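Copied from TrEMBL, the annotated features are:
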DOMAIN    100-507  domain 'Major facilitator superfamily (MFS) profile'
TRANSMEM  99-123  transmembrane segment
TRANSMEM  135-154  transmembrane segment
TRANSMEM  166-189  transmembrane segment
TRANSMEM  235-256  transmembrane segment
TRANSMEM  262-284  transmembrane segment
TRANSMEM  305-329  transmembrane segment
TRANSMEM  349-368  transmembrane segment
TRANSMEM  380-402  transmembrane segment
TRANSMEM  408-434  transmembrane segment
TRANSMEM  483-504  transmembrane segment
Amino acid sequence: MIQGDHLDVQNVSPSPAAYARLYSSVDNEYAQNEYQNTTAETENYANEKTPLLGASFINELQNVDVIKTKSRDRSGSDTSSSTSSEGLSIWTLSREQKIIIATTSFVDLLMFLSISIMAPFFPEEALSKGVSDTLSGWIFGTSPFVQFLVSPFIGKLIPHTGVKFMFLAGMFLFSGCTVLFGALTYVPTDHGNGAFIALAFCLQVFKSVGTACASTASFTLLIHTFPDNVSTMFGIGEIFVGIGLVSGPAIGGVLFGLGGFILPFVSVGGLAMLSIPLVAYSVPSSASELHTLPEDATSKSLPRGLLCQTGAFLICLCVVSSTVMWAILDPTLEPFLRKFKLSPEVIGVLFLVMAATYAASSPLWGWLSDKVSDERPLLILGFLGACLGSLLIGPSPLLGIAEGSSGLWLVIVALVIMGVSASLSSVPTFDMLLTVAQDSGFEDTTSTYSMVAGVWMSVYSLGDFIGPSVGGVLLDTVGFELMTTFSAGLCLFMAFILSLNWMLDWQCCKRCRNGDDNEVL
């Protein structure tokens, strides 16, 4: 204990936090030197002995209070002044912050409506024009694949164009392409369907680029506005993503019945197009100024610089695995449910179960992620839950359940578990990736925010592309039960890797506390 200018070192267990308090509270040259030496040794040990670890445990030596609150010191931002890591309340938000939340949520809803609205009727329309189901599936798969390719480059462009410009440009592109997609019904196929196929692919490509632009800019704007509540805001945004995915097929089916192929696309795309002036007026003008690049940040802001960090690579692997577990059911769940002889309406409701539970649980996991100092236990629980759900939905042969003894109730339970687990294993990753980037020396600027948003969107889209592609192949070769068993194995593998990473981190901290620290005290 500190008593005046002297130290009572009896019954005091040494820790890095004790060094930090000692260094800041007592003018003791010996203690300062020992603290600095121990910090350097800790960093060397982490780099040489535990390459999988991030820098979060080293920050405990240097920024003890920052680790506890997960607060980010961002000079020059006045939009985050009314929020802190102590809590986020609608009553404490400024008018500008409320507008940003409402605008980004509305755009998220429209984007995912435009993606999911075509699911119930496009394959039939394409088949009437001589397009096979396989080719229709590739048209669907174009969207996530293009977003995977372009999102990192968009993240690089945002610091030069400004967040507001990229946001509005993305809205214009995806809304215009959505309207034009509806006009494909008028493309003649008397002399072959080549023009229809080519235009469908082109419009999907450009719509995907617009979606990536708007999504990446939206994430960047939210990080800039709520730097201490990134996971909470991400969870809120996922509500509207889920609503778009859930309601899109139903809305698309109703509008298709009322006005044919063109009406769903004109309705959603037209609404997005008409809302551009309102969004341009609502988004604060300060967002246009989020494009300043530090002089020495150009080379450090490259996405490959972030992906070279082992911690960032592990987080990206978590995002891909979580998305694959979700997306693998898109082309495979309906054929599996045929054995229950359900009506199309009931099958549609079952598709909504997982998306609805994902959206409903996302705010909770976002809030909880902002409250803890280490999100890895949350990811571990999420992947373990996803493993359980994947084993139950088949059910897997590993469970020893006799074929035919499981009912529809087990499928519903499994979908609920998988929806909640997918949210838990996905929502914390965005803030984790941002933290790793900042711990790795990237500047706390818009350049870093947009880069992280672009990388996250890219790996998410990669999983969204791999899931349906691999799922269709596995369904045809090994069947639904073994396919979900492989998915469960992937989730279990990720839980093991995260647990190993967490344990190594804890062992490293324990060795540093109980090793050389004893020499000072």
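Cβ atoms here come from the backbone N, Cα and C positions, even for glycine.
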Contact between the transmembrane segment (99-123) and the transmembrane segment (305-329) (3 or more Cβ pairs under 8 Å, separation 6+):
no
Close approaches to the transmembrane segment (135-154) from elsewhere in its chain (Cβ under 8 angstroms; 6 or more beyond its ends):
115, 119, 122-123, 126-127, 166, 197, 200-201, 204-205, 207-209, 211-213, 215-217, 303, 331, 450-451, 454-455, 457-459, 461-462, 464-465, 468-469, 472
For the transmembrane segment (380-402) and the transmembrane segment (483-504), does the number of C-beta pairs under 8 Å, pairs 6 or more apart in sequence, reach 3 or more?
yes
For the transmembrane segment (262-284): best-contacting stretch of 166-189, 235-256, 349-368, 408-434, by Cβ pairs under 8 Å:
166-189
Which listed range (166-189, 235-256, 305-329, 483-504) shows the maximal number of Cβ pairs under 8 Å with respect to the transmembrane segment (408-434)?
305-329
Same-chain residues at least 6 beyond the ends of the transmembrane segment (166-189) with a Cβ under 8 Å from one of its Cβ atoms are 107, 110-111, 114, 118, 125, 129-130, 154, 157-158, 195-196, 199-200, 203-204, 206-218, 221, 260-266, 268-270, 272-273, 275-276, 279-280, 283, 287
Stretch contact, the transmembrane segment (483-504) with the transmembrane segment (235-256), Cβ-Cβ under 8 Å, 3+ pairs
no
So which residues does the transmembrane segment (305-329) touch in its own chain, when a touch means Cβ under 8 Å and the partner is 6 or more beyond its ends?
51-55, 299, 354, 358, 379, 382-383, 386, 390, 418, 422, 425-426, 429, 432-433, 436-437, 439-440, 442, 451-452, 455-456, 459-460, 462-468, 470-471, 474, 483-484, 487, 490-491, 494, 497-498, 501
